[in-house]
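Undergrad: Quick paste from TrEMBL:
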- A:80-402: domain 'FAD/NAD(P)-binding' (DOMAIN)
- A:CYS126-A:CYS131: disulfide bond (DISULFID)
- A:LYS135, A:GLY199, A:GLY346, A:ASP387: FAD binding site (BINDING)
- A:GLY258, A:GLY259, A:GLY260, A:TYR261, A:ILE262, A:ALA263, A:LEU264, A:GLU265: NAD(+) binding site (BINDING)
- A:HIS520: active site, proton acceptor (ACT_SITE)
Amino acid sequence: MATALSAPKLTTTFSSSQTLQTLCKRLPNSLSLHSPSSPLSLSTARISLLSRRASFSHRRHFAARAESDNGAEPRRYDFDLFTIGAGSGGVRASRFAANLGASVAICELPFATISSETSGGVGGTCVLRGCVPKKLLVFASKYSHEFEESHGFGWKYEVEPKHDWSVLMANKNAELQRLTGIYKNILKNAGVTLIEGHGKIVDPHTVDVDGKLYSARHILIAVGGRPFIPEIPGSEYAIDSDKALDLPSKPEKIAIVGGGYIALEFAGIFNGLTSDVHVFIRQKKVLRGFDEEVRDFVAEQMSLRGIEFHTEELPQAILKSADGSLTLKTTKGAVEGFSHVMFATGRKPNTKNLGLQEVGIKLTKNGAIEVDEYSRTSVPSIWAVGDVTDRVNLTPVALMEGMALAKTLFANEPTKPDYRAIPSAVFSQPPIGHVGLAEEQAIQEYGDVDIYTENFRPLKATLSGLPDRIFMKIIVCAKTNKVLGLHMCGEDSAEIVQGFAVAVKAGLTKADFDMTVGIHPTSAEALVTMRTPKRKIRNGSPPEVLPN
Amino acid sequence: MLQTEEIIRLNGIYKRLLSNAGVKLYEGEGKIVGPNEVEVTQLDGTKIFYSAKHILIATGSRAQRPPIPGKELAITSDEALSLDELPKRAVVLGGGYIAVEFASIWRGMGSTVDLCFRKELPLRGFDDEMRAAVARNLEGRGINLHPRTNLKALVKTEEGMKVLTDHGEEIIADVVLFATGRIPNTKRLNLEAVGVELDKIGAVKVDEYSRTNVPSIWAIGDVTNRMNLTPVALMEGTYFAKTVFGGEPCKPDYSNIPCAVFCIPPLSVVGLNEEQAIEKAKGDVLVFTSTFNPMKNTISGRQEKTIMKLVVDAETDKVLGASMCGPDGPEIMQGIAVALKCGATKAQFDSTVGIHPSAAEEFVTMRSVTRRVSKPKTNL
């Protein structure tokens, strides 16, 4: 933790930071960054040191502004930062703020595998109800495919391995407990005060946690989001992703409503665990917003594994029959015999019951907290990061936003999260990894582009005999040769695309890719050996399809 | 066997690649008889002479057998890939990638495996920390390691082959694999008669353009013993074609070539290892490592840590080398290699958002320096 020794360094940075000065000039009301405070806590001592150094004209300028806003008395706060929500964004911001010398508190609802208005858990969605349990279930479900593959490699067994659902759930839950404990330790080791309870904002500097009031110079809202189930007759019979990650037994036949990544991931999980899976989507294709060829490819590969897609079919009602099975009534008819109906139709930011309206925090039209580029809300002392702001709802992005905020508030380095070339993955089976633009976006933004694609059978499939294939695509700006987008669907896509994301973010060209020698034998090497474009798009003229 | 079918299929594909390109394929043994003349002894014994403006030697290498008594009882990698049955007990002699890969393969299939190698750790030339990780993992998977060990003799007995080590140990094995190195295939090419220079292990000497000392004769691939990897041979071949027939003389670039060892779990590296970086960097070297038990193992219960490493030039912030020992290492390293080849900095790595959850994201989230190594001061 920072001590008075570090203070002089910080003040020098303050005075010389042009960006910070500009930032402060832009801020609407009180410059809470510079509010002088009592010398009570070590961390706030730094700030008071600043206000005393009013000899610099610009600093005097800040101090004068602050004083004129909140009167004469310096304000004391219990904490420099109070964070509501101990998920990816909240923990990251809190931890690094504390490392930078701030006094930090964080509150979080008590742990439960299913989230609600009264339950959550340290670690948040990613650790407890998202990325982690999802990935563990994906691992579990992949084995059936691997058992099938193994025969071509000589493995024989009399009885096909059977899956014990209760073992998986018990181990998964034990792992979640372990992880939530680790997150608690991370906070403890960083010196962050963890308070269990429901946090609600009372005023721009006060948070109420189950009746107890805490004051803070800054408040961070990082409460994330929750699955959303649309209201239709019988929707009480439907489950969401929280429940799907913690079922008491394997679904025999499941209807998954939704065409996004969550729907596809669960389709793969349940299919791999030998459930009968039906996916109902509103659009013609799954994964709206993804590259068109990837959308087609993943759906085809998933179909080959036995998943049944019902396209352009909307759910209208869920009916429960006498034997307990569910019928899904849709715009195209009805499908019966489901043991479970799951809605994976989107997630909404958790903005209820936080006192947001009362304190005047503006929301966007889809209910997310509106923030500027520095994650500041419409109330200057209140900030928000992660899914509750509905920017790019990925854990590493929440981490980036949290880190940037900690730097902005406590390291004198106003930092804007950088949303360019963010890679991500869908852990469907086969999985998707991508970074940069889809073909359609690239054509729109850049006009002339060259498209390189490969669609091949991976080495493993040549012996397994299974119809697994890999699709890869590189989109290149015809003018600059820069790689605008890279897409892959097939085994190991997520692991493979990460390294390429460094290259794309760094603005490397197709020539740079091509001069990199391949690692052999791998699937990844195909991305550095694509010699001929499949087609060249020249604005205004139909794509030139090149002979193979 | 499916594997043989696959090899035959690929063989057929290669033949078609050549014919589609208009290349004439002659089956037989080729010998150089003049600076512009090749003699091919066909399968029926008849010899045909062909003249050519340029001759390219690309005869590769073969496994060598060390002069150990009983060496005829041992097999090399060629036979190892086509065994009729899985050895119950195998002894592998060698510390290189071929030795560790076969050790892993047979162990994975359930054989008892003893791996004997000359040095303290296998994979000489690789990053020491990675070599130690590989050794630990091989042991963790049940392979018996015999470091600083050579074999003295192989003796056939009723219960199998008796393998005697220079530590006095006796190991009974069904199969003994010699994986002690490969040597260039230059003996029967008649190169001395034509005056093509070879180095002391018999590799064809070439310049940066892959040209031998005879202007019309060139050589690429393992026969030149530069970097014996398929993609490098492909690169050398491509550059040779461009230089000689494309009108653009170009030299293959051997910097930052990534490669992988498919032991289990695999190792993959690109750029300089830590030891090389410390030597070559002008100033300090920053080493970032991440060691963790991969997510899958937390449920499976396997205790096997993945280790990932970046070596950075403290002055320029350039990433000099990256390495990883863990599942999917080779797949992960390919994209990292593109960044490294183009001189990416640690800052560029760090500014890339991670893909979550993955092992690969560790490469872009290594925040704290594990150690800073200053250049040792030289006494003048």
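Glycine is no exception: its Cβ is also placed from the backbone N, Cα and C atoms.
Automatic, uncurated: that is what TrEMBL annotation is.
These figures come from a predicted structure and were not determined experimentally.
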Undergrad: Applying the rule Cβ within 8 Å of the centroid of the Cβ atoms of A:GLY258, A:GLY259, A:GLY260, A:TYR261, A:ILE262, A:ALA263, A:LEU264, A:GLU265, what extra residues of the same chain belong around the NAD(+) site?
TA: A:ILE256, A:PHE266, A:ALA267, A:VAL286, A:LEU287, A:ALA344, A:VAL426
Undergrad: Ten-angstrom check, please: count other Cβ atoms within 10 Å of the Cβ of A:ASP387 (FAD binding site), all chains counted.
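TA: Summing over all protein chains shown, A:ASP387 (FAD binding site) has 31 other Cβ atoms within 10 Å.
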Undergrad: Using Cβ atoms only, which of the recorded positions A:LYS135, A:GLY259, A:GLY260, A:GLY346, A:ASP387, A:HIS520 are under 8 Å from chain B?
TA: A:LYS135, A:HIS520
Undergrad: Report, as a single number, how many Cβ atoms besides its own are within 10 Å of the Cβ of A:GLY199 (FAD binding site).
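TA: Within a 10 Å radius of the Cβ of A:GLY199 (FAD binding site) lie 26 other Cβ atoms.
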Undergrad: For A:LEU264 (NAD(+) binding site) and A:GLY346 (FAD binding site), what Cα-Cα distance in Å is obtained after rounding to a whole number?
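TA: With the alpha carbons as reference points, the distance is 13 Å.
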Undergrad: For A:GLU265 (NAD(+) binding site) and A:CYS126 (disulfide bond), what Cα-Cα distance in Å is obtained after rounding to a whole number?
TA: 15
Undergrad: Quick one: mean pLDDT on the domain 'FAD/NAD(P)-binding' (A:80-402)?
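TA: 97, rounded to a whole number.
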Undergrad: Roughly how many Å lie between the Cα atoms of the residue listed as 'active site, proton acceptor' and A:LYS135 (FAD binding site), rounded to a whole value?
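TA: Computed Cα spacing between the residue listed as 'active site, proton acceptor' and A:LYS135 (FAD binding site) is 28 Å.
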Undergrad: Compute all pairwise C-alpha distances among A:LYS135, A:GLY199, A:GLY346, A:ASP387, the residues listed as binding FAD, and give the largest one in whole angstrom.
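TA: Largest Cα to Cα distance for the FAD-binding set is 30 Å.
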Undergrad: Measuring Cα to Cα, how far is A:TYR261 (NAD(+) binding site) from A:GLY346 (FAD binding site) in Å?
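TA: Approximately 10 Å lies between the Cα of A:TYR261 (NAD(+) binding site) and that of A:GLY346 (FAD binding site).
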Undergrad: Compared by Cα position, which of the recorded positions A:CYS126, A:GLY258, A:GLY259, A:ILE262, A:ALA263 is the closest one to A:GLY199 (FAD binding site)?
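TA: That would be A:CYS126, nearest by Cα distance.
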Undergrad: According to DSSP, does A:CYS131 (disulfide bond) sit in a helix, a strand, or coil?
TA: helix
Undergrad: These are the recorded positions: A:CYS126, A:CYS131, A:ILE262, A:ALA263. Which one scores highest on other Cβ atoms within 10 Å?
TA: A:CYS126
Undergrad: When DSSP is mapped onto helix/strand/coil, what comes out for A:GLY199 (FAD binding site)?
TA: strand
Undergrad: Between A:GLY258, A:GLY346, which of the binding-site residues has its C-beta surrounded by the fewest other C-beta atoms within 10 Å?
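TA: Counting other Cβ atoms within 10 Å of each of the binding-site residues A:GLY258, A:GLY346, the minimum falls on A:GLY346.
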Undergrad: Go through A:GLY259, A:GLY260, our binding-site residues, and report the one whose Cβ sees the most other Cβ atoms within 10 Å.
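TA: Answer returned by the neighbour count: A:GLY259.
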Undergrad: Measuring Cα to Cα, how far is A:CYS131 (disulfide bond) from A:ILE262 (NAD(+) binding site) in Å?
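TA: Cα-Cα distance, A:CYS131 (disulfide bond) to A:ILE262 (NAD(+) binding site): 10 Å.
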Undergrad: Helix, strand or coil at A:GLU265 (NAD(+) binding site), per DSSP?
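TA: Once the DSSP labels are grouped into three classes, A:GLU265 (NAD(+) binding site) ends up as helix.
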